[in-house]
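Enquirer: This is the feature table in TrEMBL:
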type     : residues  : note
TRANSMEM : A:44-67   : transmembrane segment
TRANSMEM : A:74-95   : transmembrane segment
TRANSMEM : A:156-175 : transmembrane segment
TRANSMEM : A:187-207 : transmembrane segment
TRANSMEM : A:227-252 : transmembrane segment
TRANSMEM : A:264-285 : transmembrane segment
Amino acid sequence: MNVVIVSSVLLLSLGAACLARVRSRHLSVESLLVADRALPAPMLFILTVGEIYSIGSIVAFPAGLYAHGVSYGYWFLGYLVLAFPVGYFVGPAIWQRAKKYNACTLPELFGRHFESVTFERLTAWACVVALVPWGQFQFIGLRSVLGTIGLSATPAAGLAGCAVIAFAYVALGGVRASTYVAFLKDILMLFAIATVGVAAMCAQYKLPVGHAGTTTAMPPLPSGSSLVFAISTILYQGVGFYFQPSVTPYLFTARSAQVVRKAMIFMPLYMLMYPFAVFATYFALRSLAPLPNPNVVFFHVAATLLPS
Amino acid sequence: MADRRRWRLVMLGFGAPFAAIIFVAPFLSRLPLSVFGIPIVFIWIFAWFPLTSLCLWLCERHS
């Protein structure tokens, strides 16, 4: 059954990418990489949130909150919510530079601004190196998800499979395909998080008084040093969020600087899914037996509360 | 005058969310209070999701 569901979602996503191809008038390099700089605010919003909120929202956030407590949740939510005010003020300037230099990639932007091919190549390598740990965390999460539903694969096979699928998206419709796939992914992810969160809330209030706290100990209040770590990391990541190579290029796809601002206004609202994830995690802490592997906490709550 | 207005908008869109998350939230995180079983610092951060959007919307409207 799980294989059928995963295969259906994969086919649906490839169908979404094909739809993007059908709706693209032509497939130039500019069309593939920056969607002809023509995306309106709603599509820029979908593309950007599709990239930002990945497997971390379902695996890493509940797992970190479960294992490390309040300071982890404060860091995770804090840097994300502060990234958007920074993006509101900095994003339009980045878009204007990309338009001015006709840049389709981040290295092109740097290379043309500083009129140096060497610097352009250096930036390209820096982007690749910076994306390695980010990709590594994505694969850790993906392996955890696939392992939980009984579809574990060797890392090499997983990497190869993901590379083929990702290339298919890009080859079919470029960054527009990413937008269409992101739309599908976001609908499924929001539905999953909201469903498990609501089920956790309902179950929490049905439990008899005194049941809470009998299983896993509640996380302690954050210490001074963990708060210093959280605050300094929030500042670093919140300010630097729209300068990272996995996010900045999406700004290039906007129709105008004003579109970037409009999309940023709505970005924090997407975070309203996180209360559901927090409720699900606190339900696991209060009412379920301790888990040896925190990475599966969200799935464990889903398997416990939802009908199989 | 224009600089003063721009500064106010930056304070509204950038300063208010930063103050709420960087200065207020750490104090709330040390309080042993909860709402619906969730530590109060999370309720505060959740409230700042729509409030951040509101601040940015006001910025855009008045710029």
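Numbers run from 1 along the shown chain.
Backbone N, Cα and C define each Cβ position, glycine as well.
Describe each of these features in terms of where it is and what it packs against.
Expert: The list of residues near the transmembrane segment (A:44-67) in space but at least 6 beyond its ends in sequence, with Cβ under 8 angstroms from a Cβ of it, reads 73, 76, 80, 137-138, 141-142, 144-145, 175, 178-179, 181-183, 185-186, 189, 192-193, 219, 246-247, 250, 253-254, 259-260, 263, 266-267, 270, 273-274, 277-278, 280-281, 284-285, 291, 294-298, 301.
Packing against the transmembrane segment (A:74-95) from elsewhere in the chain are residues 52, 60-61, 64-65, 222, 227, 229-230, 233-234, 237-239, 241-243, 248, 251-252, 254, 256-258, 260-261, 264-265, 267-268, 271, 274: each is 6 or more residues past its ends and has a CB under 8 Å from a CB in it.
Same-chain residues lying 6+ beyond the ends of the transmembrane segment (A:264-285) with a Cβ under 8 Å from its Cβ atoms: 41, 45, 48-49, 53, 57-58, 61-62, 65-66, 73, 77, 80-81, 84-85, 87-88, 91, 189-190, 193-194, 196-201, 203-204, 216, 218-219, 291, 297-298, 300-302, 305.
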